[in-house]
Amino acid sequence: MVHSSLLHSTDTIVALATAAGKGAISVIRLSGPRAIHICQSVFHGKNLLEQASHTIHFGTIRDGSRVVDEVLVSLFVAPHSYTKENVVEISCHGSDFIVQEIIKLLLQKGARLASAGEFTKRAFLNGKFDLAQAEAVADLIAADSSKAHEVAMNQMRGGFSAEIKALRTQLIHFASLIELELDFGEEDVEFADRLALENLILELQRLIRNLLQSFALGNVIKNGVPTVIAGKPNAGKSTLLNVLLNEEKAIVSDIPGTTRDFIEDEISIEGILFRFIDTAGLRETQDKVEAIGVERSRQKIEEAALILYLFDVNELSPEALALEIQSLKAGYKPVLAVANKVDLAATIDRTAYEAVAPVLFIAATDKTGINELKQELLKTVNQGNLNTGSGTIVTNLRHYASLEQTYQALDSVLVGLSSGITGDFLAADIRRALYALGEITGDITTDDLLDNIFSKFCIGK
Ligand code: GDP
């Protein structure tokens, strides 16, 4: 089998870099040693082979004498490009037909279609950035809230990698000292100060623990907080959801039990994405369709990170509220009780409700208390030790797993140190920790790992 990095030196790949469909322009990207040659063979205007890097050229793409499109060609001469190879970007008119025609021509002239993530994979293999940074490119594209964007951008620019590399360098230093001891064999020398090693490991573990803990927040930032809006039919769930979303997506009606299915939507509150799930009520019912809805509501509640229990303050007594919250079986999950329709109530005994649970009082229809509700939602996320702070945040499950392995390997080193085991065992455990850390940045890789990561990218990235 040919190693993938060898292929890279010969193949020139092509793909549509922008989204498919109609648009003002589309960009087709070529990368590889023959990118400029191949483009030149279909381009009429000037000789691209004689042009400088980072220049743009107007001309036509032709199939024989037929003009396919008027285009702009951007040149990036190796190594000054995204992939560090020759890269050509053809900006053509945004039509699927034109794009297909141009790509077909380029394939005829010797390019081949890029596989998912292949441009970014080449960038990684050519040393443009490390693995964690490459993965951040995918996150950056997928980011749909300001916080997700910030975290991905930090990771892409190497903030996370720098932290991991600093940990690794310190550990490598000790590993080499201990390996040096091994070279001296029988002579009883200790180059590596055991106490200093122990301190370093404790410090590394503390840092890794922080990174591991940041994963909960990272996940929330990347994927949003799944938030269920539960409550009896007619409590005003759809109305509230509509107000939160500011659009008419849920069905609002006066007939109890009409929200039978789930309307899932997302809103970003101060950069944190909440995925709201409106559920059918949880009340016992004879109606079959509704009963299915109730069952699915329970499932949704199980998947939720946060439950917003909405009730009509005119219909539900504080005692009944206590029973309802109990029946949610939310376990450790935070439940935010929200009393709706305060506009219809003459008087409300707020303290009686607040004795049951923390309650917010709102009127969804006239938007009373909505801002307070949003603030409360944010607070719930931040309280679960999810404080954003300023530190590095782990958002990637693969990184999380590697950090956990590192932590465990460091545990073994500590056990080894306290029981005074020989240097070769210590060295093996340290190497295990180094390996796990190296997997994050790609200092250590296997083809399987790379394929797994880059296959998740879209074609053209
Ligand atoms: P769901 O079954 O929980 O989704 O409840 P809906 O959102 O369909 O609301 C049921 C009814 O209550 C509708 O007629 C809404 O207009 C009304 N409603 C919702 N919130 C309020 C409120 O704050 N005040 C008043 N007066 N009516 C409301």
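Glycine too: its Cβ is placed from the backbone N, Cα and C atoms.
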From GLU70, GLU85, GLU89, GLU163, the one annotated by TrEMBL with ARG29, LYS128, LYS461 for (6S)-5-formyl-5,6,7,8-tetrahydrofolate: GLU89
Which listed residue (ARG29, LYS128, LYS237, LYS461) has most other Cβ within 10 Å, given these are binding-site residues: LYS237
Max CA-CA distance, Å, over listed (6S)-5-formyl-5,6,7,8-tetrahydrofolate-binding residues ARG29, GLU89, LYS128, LYS461: 19
Annotated binding-site residues GLU89, LYS128, LYS461, filtered by Cβ under 6 Å to ligand 1: none
Cα proximity to ARG29 ((6S)-5-formyl-5,6,7,8-tetrahydrofolate binding site), best match among binding-site residues ASN234, LYS237, SER238: SER238
Packing count at ASN234 (GTP binding site) (other Cβ atoms within 10 Å of its Cβ): 20
Spatial separation of ASN234 (GTP binding site) from LYS128 ((6S)-5-formyl-5,6,7,8-tetrahydrofolate binding site) - C-alpha basis, Å: 57
Neighbourhood of GLU89 ((6S)-5-formyl-5,6,7,8-tetrahydrofolate binding site) by C-beta distance under 8 A, where only residues 6 or more apart in the same chain count: ALA17, VAL27, ILE28, ARG29, LEU30, VAL73, SER74, PHE76
Euclidean distance between Cα atoms of LYS461 ((6S)-5-formyl-5,6,7,8-tetrahydrofolate binding site) and LYS237 (GTP binding site), Å: 41
